[in-house]
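K.L.:
Per TrEMBL, the features are:
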TRANSMEM  B:6-25  transmembrane segment
TRANSMEM  B:37-58  transmembrane segment
TRANSMEM  B:64-84  transmembrane segment
TRANSMEM  B:96-115  transmembrane segment
TRANSMEM  B:135-161  transmembrane segment
TRANSMEM  B:192-214  transmembrane segment
TRANSMEM  B:220-238  transmembrane segment
TRANSMEM  B:245-265  transmembrane segment
TRANSMEM  B:271-287  transmembrane segment
Amino acid sequence: MIQLEKRLAPSKRAQYLNPFLAVALTMVAGGLMFAVLGKDPLAAIRLIFFDPIFSEQFGSYSRPQLLIKSAPLILIAVGLAIGFRAGIWNIGAEGQYIIGALCGAGVALAFYPMEGWFIFPLMVVAGALGGFLWAMIPAILKTRFNTNEILVSLLLVYVAEKLLAGMALGLLRNPDVAGFPGSRDLRRYESAHNADLIANTGMHWGVVAAMIAVILAYVMMTRHSLGYQVRLAGQAPRAARFAGVSPTRLVVVCFGIAGVLAGLAGMFEVSGPSGQVRIDFASGYGFTAIIVAFLGRLNPIGIVLAGLLLGLTYIGGELSQMMLQLPGAAIQVFQGMLLFFLLALDFQTNYRLKLTKGARA
Amino acid sequence: MILGSIQPAVLIAALMVAATPILLAAIGELVVEKAGVLNLGVEGMMILGAVAGFIVAVQTGNPTLGFIGAAVAGGVLALLFALLTQVLMANQVASGLALTLFGLGLSALLGQSYVGISPPRTPKLDLGPLSDIPFLGRAFFSHDALVYVAIAIVIGVLWFLKYSRAGLILRAVGENHDAAHGLGYHVKRVRALAIMFGGACAGLGGAYLSLIRVPQWTEGMTAGAGWIALALVVFASWRPFRALAGAYLFGGIVVLQLNLQAAGVKIPVEYLSMSPYLITIIVLVFISSGKARGSLNAPGSLNRPFHASG
């Protein structure tokens, strides 16, 4: 008879191996799904995971896209992972991302058409502040009124989406073009444009911000006492309280960091790759970042790798939509399966299978 | 006066329809949470139910079969959650989120060729002379069967939890799984069954949206209804009748908001349609703070994993 036995300590090997296994299993299951949809599974997998980088045909377009898609994912996931480590569930990053974008774009449009070096830095500050304040709503409701932060942060995503629609149709709408909803194109406004730092690489300020965030988060988690408190609160909440870790402070800090980073991601997106405040601006980065955080083992370095991989699936998804007429939703299913497999495999991190002789009561 | 144009009987009838999807999802989740499991995948199970019910109803031309298909689809997706959290001991919050992300994607994939189609009409239940009573007939007795099925499920759950032996076991498992295990009850089996019941209810709720309330299939059409249902369980302090009252209250707000939109109030639609989410948040704040302290009524083992050692 087979029994599950709890390991005395989590298996390090399983912890590092599982993300790779999960990706492999997702490729197999995804291939099956593509086959059911009547597409050649090998061609689809190749198109999603290899062609965006290695293909002669699309490479020149899609290689820069890798940084563009991965940067917001990494930026958001790094912030979320800190909270997840402490057992604080901010699942409303999508909303914080939208509000960051609205605030950043709002500052830019307020100054239009004035040019000045100070406009872009101001937008960065506004974006970070917007995301921070939006994240403070669930944080303060949690600490002050003990309201469930999971539900509030998630419900605020819908509020942010409505606000985005309201802004795109109302306050931030481009007054020069009648009939089209959406703001002015920030890419045509030099002082506000988050342009490629090196032309045609996709290397914009958001990528730089993501790198800085990864390094700072790594230092914080391994070297700073705050990182220690986060890890302690996640692993042993009671012990953490005895050690003087304030749960209230931790909630505010974790939500604050995640909010700032998500707000920044939104701001860099709206001022660069997207360019406009549009109704369809939100593309689900805030939710995909949750998968990135888990796949990266809640570790900043791991998140970089996971972010690049999920960024790749975004581009591959677009390619397969064009080339194979695969529905866009297929890639969402793909990402969902990835998280499923990872969670399923993770049982061997904490448990092991044990064979016992005969049936025992 | 804008509100003057709203007829009370029509309003009540409309709010019962608006409340039914979240009521169905919430009563299912209430049972799940009473068993000590937090399934955040309600939104995913709901939307899968919405698309599955729609497809089955369109293919067979029979809405009843559609609803059955939706319940099965929700239950199967919930089974996946049970496998992850009960057998493979995965984190419940993460698994629930995975369920939602997966369900949203899968439903969009399945439903892509069903966009823009009208489903077969679900007939109103013929209640004979009851429907002809002035006011009451229009408000309460001229609905489709699912409105009454939802109420019946609430009453059934109330009876089950309060008076049946199985319900007592389920509550014991949710309050203290170690003690329940010590008494010889199968904690995981009870939980898996509760999770599947929750999934089936969420699926029904989703199908109510796509087959009756809207009635059409559009991607992401649940638009947070599953999350509102989760909030409703907290609002109800895990009591079935309060869930019913809460759902109808919420339905009333939604209908009022829609009426204000239709009446052409000077607030843009985008801002008016924020109100269901904002009101849910405000109500959550009131419930979780102050003297009421509804959260104190939460099942003792909620969101705690159980693994029998030895």
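Cβ atoms are placed via backbone N, Cα and C, with glycine included.
What's the neighbourhood like for each of these?
P.N.:
Outside the transmembrane segment (B:6-25) by six or more residues, the chain places 42, 45-46, 135, 138-140, 142-143, 146-147, 150, 153-154, 201-202, 204-206, 208-209, 212-213, 225-226, 228-229, 232, 243-244, 247-248, 250-252, 254-256, 258-259, 263 with a CB less than 8 A from a CB of the stretch.
Residues 21, 25, 28-29, 65-74, 77-78, 81, 85, 92-93, 95-104, 106-107, 110-111, 114, 117, 119-120, 174, 191, 194-195, 198-199, 202-207, 209-211, 217, 220-222, 224-227, 229-230, 302-303 of the same chain lie 6 or more positions beyond the ends of the transmembrane segment (B:37-58) yet place their CB under 8 Å from a CB of it.
Long-range contacts of the transmembrane segment (B:64-84) within the same chain: residues 39, 41, 44-46, 48-58, 90, 95-96, 98-99, 102-103, 119-120, 146, 191-192, 195-204, 206-208, 211, each at least 6 residues beyond the stretch ends and with a Cβ under 8 Å from a Cβ of the stretch.
Here the transmembrane segment (B:135-161) has long-range neighbours at 8-10, 12-13, 16-17, 20, 23-24, 27, 30-31, 34, 67, 122-125, 127, 167, 170-171, 201, 204, 208, 212, 240-241, 243-244, meaning same-chain residues at least 6 beyond its ends whose C-beta is under 8 angstroms from one of its own.
Within the chain, the transmembrane segment (B:220-238) has long-range Cβ neighbours (under 8 A, six or more residues past its boundaries) at 21-23, 25-26, 29-30, 33-34, 40-47, 50, 100, 104, 108, 202, 205-206, 209-210, 214, 245-247, 250, 276-277, 280, 283-284, 287-288, 294-295, 297-299.
Sequence-distant contacts of the transmembrane segment (B:271-287) (same chain, at least 6 residues past either end, Cβ-Cβ under 8 Å): 224, 228, 231, 234-235, 237, 250, 253-254, 257, 260-261, 265, 294-295.
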